[in-house]
Amino acid sequence: MSIMMNLLQPLAFILPILIAVSFFTLVERKVISCMQPRKGPNITGPFGLLQPLADGLKLLFKEPVYPTNSSTTLFILTPTMALSLALSTWLPMPLPFSLVDLNLGLLFLLSMSSLMVFSILWSGWASNSKYALMGALRAVAQTISYEITLSLILLSMVLFSGGFNMRTFMTTQEQIYLIFSSWPLAMMWYISTLAETNRAPFDLAEGESELVSGFNVEYAGGPFAAFFMAEYTSILMMNTLSTILFLNPGFMYTSPTIFSISLMTTAVALSMGFLWIRATYPRFRYDQLMHLLWKNFLPITLAWCLWHISLLVTTSGIPPML
C-alpha cells in the first residue's frame, strides 16, 4: 500500500500541471485571436474546449521522424529530459504543500532551470542541422545570460526574507507585498522571465524568418510535443514563482483552499501578461536583447544587491527568520 501511495503522490502532483499546460495553450490561442479581428479555436467541442486534447492526440499518434545523420539516442532523450527537468522545478513549490519541502528550495529550482540549457544544446547538436544548431546556440546564450540577472534578483529577495525556503517569503510578506519595496527588481524579474522562457519579444531562438523553427526544427510528433509542454510548464512555473516572491498569495495561517485559489489567480494573471506582450510587441534584434542585459539589467541588479547587503550591515539588522 505504501509503495502504491509513493507512486500515486508524484502522479497526483504532476497530472494537474500537465492539464493546466494543455489548457494554457488554448487560452493563448483564444486571447491572441481576441486581440486580432478573428475567431480562435471554436469547432472541437463546446467553445473549442477539446482542442488541446485533439492537438495532443494528433501529435502523439504521428510517426516520429529521425534525420538520417542525427545522433539518434541523444535526439530521442533530449525532449524527455527537457520535460522532466521542467516538471522537477515544481517539486519545492508550496501549492500550498510542496511535494518535497527543501530548505534550499530556491537553489534547487535555479539549478534545475539551468540544467534545461543542456537539453536545448544537445537537441540542436543531435539534429545535425545548421538551423537547429544556430537556434540552440542562440537559446543557450540567451538563457545563460538572463540567468545571471535572475540569480542576483533572487539573492536580493533572499536578503529580504532570510532564507531559501519558499515559505519564508510568506512570513516576510504578512504585512506588505515585496513588490512595493522592490518594484524595480520585480519589473526586471518579469522581463527576465520572458527572456528565460524564450517568449516574445525575446523569442530569438525560434525566429521563423531566419532559423525556420530554432533548435526543435527537426522534431515532430511526440518529441515536439514534449518540447512544447516543457516550454509552457516553465512559463507557468516562472509566474507561480513570481507570485510567491513578490505577491504573497496567502498568509501563513490561511486555509489551503484560499491559498491555492489566490496563488492560481495571480499566476494566471501574470501568465496572461505574457500573452498580451506576445500579441503587442515585435521581436527584438539579438544585439538589443544582449545589450538590455549586460548594459542595463546587470549593473542595476548588482547595485541593488550591494545596497541590500550594505543596508543590513550598516543598520546591524537581520532579515526575519522562521
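Residue numbering: from 1, along the chain as shown.
Glycine residues also receive a Cβ, built from the backbone N, Cα and C atoms like all the rest.
Sequence annotations record features per position, and here Swiss-Prot assigns transmembrane segment to 7-27, 74-94, 104-124, 144-164, 176-196, 227-247, 257-277, 298-318 based on sequence analysis.
Most Cβ pairs under 8 Å with the transmembrane segment (227-247) belong to 257-277, among the candidate stretches 7-27, 104-124, 144-164, 257-277. Outside the transmembrane segment (257-277), and at least 6 residues removed from its termini, the chain residues within Cβ reach (under 8 Å) are 24, 27-28, 31-32, 35, 95-96, 190, 194, 197, 199-201, 235-236, 239-240, 242-244, 247, 249-250. Cβ atoms under 8 Å from those of the transmembrane segment (144-164) belong to residues 103-107, 110, 113-114, 117, 171-172, 178, 181-182, 185, 188-189, 192-193, 195-196, 245, 290, 293-294, 297-298, 301-302, 304-305, 308-309, 312, 318-322 of the same chain, restricted to positions at least 6 beyond its ends. Distant neighbours of the transmembrane segment (7-27): 41, 48-49, 51-53, 55-56, 87, 90, 99, 228-229, 232-233, 235-236, 271-272, 275; these residues of the same chain sit at least 6 beyond its ends, with a Cβ under 8 Å from one of its Cβ atoms.
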